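According to Swiss-Prot, the protein has these features:
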- 1-120: region 'Disordered' (REGION)
- 36-50: compositional bias 'Basic and acidic residues' (COMPBIAS)
- 59-70: compositional bias 'Basic residues' (COMPBIAS)
- 71-91: compositional bias 'Basic and acidic residues' (COMPBIAS)
- Ser104: phosphoserine (MOD_RES)
- Ser110: phosphoserine (MOD_RES)
- Ser112: phosphoserine (MOD_RES)
- 146-314: domain '3'-5' exonuclease' (DOMAIN)
- Asp163, Glu165, Asp301: Mg(2+) 1 binding site (BINDING)
- Asp163: Mg(2+) 2 binding site (BINDING)
Amino acid sequence: MEKYLIKMPIKSKANAVPEEKAVVKKGTPKMTGKVTKKDTPKELKDKENAGEDNTPKQTKGRPGRPAVKRKNLDNPDAKAEKKATEEENPPKRRSSRLTRSTRSMAEDGSPSPEKEKPEKLPFIKYKGAIKYYTENQDIAASADDVLQWVEKQKDEVVPMAFDMEWPFSFQTGPGKSAVIQICVDEKCCYIYQLTNLKKLPAVLVALINHPKVRLHGVNIKNDFRKLARDFPEVSAEPLIEKCVDLGLWCNEVCETGGRWSLERLTNFIAKKAMDKSKKVRMSKWHVIPLDENQLMYAAIDVYIGQVIYRELERREKAKIKNEAEFKENNGEAAFKAMKTLGETFLTKINEVTL
């Protein structure tokens, strides 16, 4: 026996302890604790079926908030509570009353005057001559012809429609004044393209500053300021002092208010529509030559300006005459009382008897 005991290798206790520690390291107490605390999938399923799982479930919305169960409306108590709440605070219901628009659509007959659709106005058709010049000497010769025509007129005041065009870019802003258009007679419009001009011809400057010439347009003062910035030989102040803004004049004669555009003024006074195409309005006015659409656009602007001036002039004369007759028949006090009504004088002047 001793023989066999001597030959067989026997492990010492010192060697056995590290092996036990190594086994313990493979399964640490933390790992074993987690495993023991976790429930198996089968146990979790059993708890869920038994109603023991109180862990809040994640829902869409704010994380970590438990889902709120809706009230069971089949319950008689819940129905009674809902009915009592509605009686105390009745829900807002859409009114069955017809609105102005639906009522006017439902009723037979014409709509109310304030809701009537605006009348479709016919577009302006200009059939007169268009004289278009691009070179300095041609512009000077044309301006001289117009100047001589003005001096031959017997009237003390010669109205002249005036307008300007220039290119515009959203990146660089407005360009230099490129076109001047004028009209002294509804049968002919003059268009002067300034692209090749470093300086305006002296005769053109003399024409627009002539004492008999009354320049007119819509927002015309800003045109003169721009022209003076682009061409220093033009002084803006004398032109501004003697010009006529058609929008302001319309407010005085027709007793209207607000600011006017040429398009709206054309609708109101001339009962015509303008084709204010953005493609033409924002086109390259400095490029020579202008095409037919540009020429017609520029000519119509001053042509209709001359038409509006003549119509406002006629209305002003009629208004002055009617006011004088009213004062003569009813007295100054009645005239002042009439003016305080705030209505358009010409439409009410014959309806009041004092």
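Just so you know, the numbers here start at 1 and follow the chain as drawn.
Glycine is no exception: its Cβ is also placed from the backbone N, Cα and C atoms.
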Mg(2+) 1 site, defined by Asp163, Glu165, Asp301: further same-chain residues with Cβ within 8 Å of the Cβ centre: Met164, Val179, Gln181, Tyr297, Ala298, Val302
Around the Cβ of Glu165 (Mg(2+) 1 binding site), the count of other Cβ atoms that are within 10 Å: 24
Mapped DSSP class for Asp163 (Mg(2+) 1 binding site), helix or strand or coil: strand
